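Reading through the structure tokens given below for one structure.
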Ligand code: NAD
Ligand code: UDX
């Protein structure tokens, strides 16, 4: 099976970068990315590449190379499906907010809509690829919908979960640790292997059965998040005992069985994946009656919630047990550096806890808009939107954020924060000038030497 036309449904943080790289690496394949969100598609088509809807280092260059050549962004979902040999489903699979499994299970309504739309629009045989992260055995449901449409075309379903991390998406896609493809039909699997083998060494393309592939994605995210919660649990112990969590991480990370990556203590992990995927894993385990398994993974989330809460509590306690009416400057709102994505960012929850104490928060993030900050807080529903706007302001100059602030909280590890003129910042703050570093970004004694009262996670 030779694939000449690819359609990808969903032009988000995964569909956009992933398909752009496939198009860049495979000029012989036409790739059309479609989305029902017309504004998003217009932004992907914007001639000003700084206005792409996803900020990722290196992405604009890839889009510039392939767009208009063999990479297209469109709202014509049916047309793109009909013309494709292979259809990737890369739509969102958020945690359910209603009904059975509310707050735990993945909401598969967008996936089912895609399947029904593919079934209705297809006039020739197609390979359907699950790119979204899905509960194990979702392919079974997809099969059932696709095979019962009655228009005589046949579908092969593959699972091809995406392992890119935001902020490093392009390098992860160019040089993946592995590509995972699960499927039953050998020819369909080979067709997708051939696409990746254009630029990924063949030994890095792993093939498994469908269910192993689906489950491996949830498992990978659960293991990664577990490492962060494990080191964050130790960070609290470090704060009580005089140990330094970075030193502990270095000491254990040199053990080749543990390894050095993903051991950075922080204010808590965020992002659209970790929490959602672990909750989903817990839900699945529980649905099979595996209470101990469910409980085990649930602790990763509990520890993360605790880490965010205790960061906020420490600010309140240190500021003489009241932050009411005090200005707290937030450096960073994104869930990690080098992305404009704020989904589940620790900053949102720390802000919410401080707003409950009537703090005034002033936010600076190099890539996040004021509109997004307010949308994130409003989404929590803790207080009226008007109240969020009264208590929170967003500025585009970090020195303005620090002006007359009682404290600075570092929520995201943006590199530029290191290079600020911290003397100038201190001069304009209230005294004592407190810094709460949720990323251990400035933990080199520099701030203490300048006379800040400096607190870092795990010190
Ligand atoms: P996203 O919300 O950024 O993008 C999803 C897009 O799908 C949206 O633009 C939405 O409008 C579109 N969409 C939804 N239903 C549609 C339909 N019926 N037809 C056309 N378009 C439709 O989400 P994302 O971050 O790209 O994640 C997509 C999937 O990839 C999720 O399952 C996620 O778990 C998984 N994933 C995400 C990451 C990550 O870093 N963000 C990494 C690996 C895997
Ligand atoms: C994650 C997975 O890494 C990726 O493989 C998957 O495809 C999607 O989910 P992402 O959420 O984009 O990627 O970023 P990641 O680098 O994993 O960071 C997630 C969160 O954990 C961030 O808030 C980050 O700051 C935090 N983190 C990560 C730590 O606090 N410490 C670490 O050592 C690593």
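Yeah, the Cβs are placed from backbone N, Cα and C, and that goes for glycine too.
The feature active site, nucleophile is assigned by TrEMBL to 273. If you draw a 10 Å sphere around the CB of residue 273 (active site, nucleophile), it holds 25 other CB atoms from the protein chains shown.
Taken from TrEMBL, the feature NAD(+) binding site covers 10-15, 35, 40, 91-95, 132-133, 166, 273-276, 343. Under the three-state DSSP scheme, residue 13 (NAD(+) binding site) falls in the coil class. Long-range neighbours of residue 13 (NAD(+) binding site) (same chain, six or more residues apart, CB within less than 8 Å of its CB): 54, 166, 169, 272, 341.
Spatially close to residue 268 (substrate binding site) yet at least six residues away along the chain are 232, 304, 305, 307, 308, 311, 346, 349, 438, judged by Cβ distances under 8 angstroms. The substrate binding site annotation in TrEMBL covers 162-166, 217-221, 257, 264-270, 335-336, 439.
Each residue in the domain 'UDP-glucose/GDP-mannose dehydrogenase C-terminal' (329-444) has a pLDDT score, and their mean in this model is 97. Positions annotated as domain 'UDP-glucose/GDP-mannose dehydrogenase C-terminal' by TrEMBL: 329-444.
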| remark: Whole-number Å distance separating the Cα atoms of residue 221 (substrate binding site) and residue 95 (NAD(+) binding site) is 15
| task | Taking Cα atoms as reference points, rank the binding-site residues 162, 165, 265, 335 by distance from residue 10 (NAD(+) binding site) and give the first. | result | 162
| Within 10 Å of the Cβ of residue 218 (substrate binding site), how many other Cβ atoms can be counted across all chains shown? | 23
| Candidate recorded positions 218, 265, 273, pick with smallest Cα gap to residue 95 (NAD(+) binding site) | 273
| remark: residue 95 (NAD(+) binding site) -> DSSP, reduced to three states, gives strand
